[in-house]
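Note sheet for the following structure.
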Amino acid sequence: MIDKTDITGLILAGGRGSRMGGIDKGLQNYQGMPMAMHALLRLAPQVGQAMVNANRNLGAYEAMGVPVWPDNLPDFAGPLAGLAVGLERCETPYLATVPCDCPRFPLDLVERLAGELARQDADIAMAATLQNGQLRTQPVFCLMKTSLLPSLLAFLQSGQRKIDAWTAMHRCVEVRFDDAAAFAGANTLAELQQLP
């Protein structure tokens, strides 16, 4: 069993937001507060400590009361760059990640990921949901061993950026969540307005 104090939570808010017109998705208002704050309020009770990966508006994220770390790679290099800085700054054996634009993910997300990671002696546990009759992995909703940092850095230094290609190099377990709507995100302003 993995204790939550051995897990650091990371909110991934370092994207370019290109499908939302280039605006900072994590700072967009949802039910009276920024989406990243919703994510933080859901994630913080599930982990020992939390932090944010962001590449702009750092002061706004710092005002949420947790450490904020920008990518070490230039040009909005994608979620793996955020994972890398999270693993570099993580002081616990495990890192849990969630995106900033999904404000309703399950309150037992980390507990369930940790349970399966330990049970199956995996390196990475990822959430998976049923969509159109197919089980679909949600790789940015994951829990991983911080010992994977050298592997990720080598992968990024080779010029690769695809999260699925990196996770495929490790022992992964998918953890099925029945409520696919809990993982609904807002990639566009229209999707943000449609979130319940």
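Glycine is no exception: its Cβ is also placed from the backbone N, Cα and C atoms.
A 10 Å cutoff on Cβ-Cβ distances gives Ala13 (GTP binding site) a total of 30 other Cβ atoms nearby, all chains included. Annotated GTP binding site per Swiss-Prot: Leu12, Ala13, Gly14, Lys25, Asn53, Asp71, Asp101, in sequence order, evidence recorded as sequence analysis.
The Mg(2+) binding site annotation in Swiss-Prot covers Asp101 and rests on sequence analysis. The Cβ of Asp101 (GTP binding site) has 27 other Cβ atoms within 10 Å, all protein chains considered.
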Cβ neighbour count (within 10 Å, all chains shown) around Lys25 (GTP binding site): 23
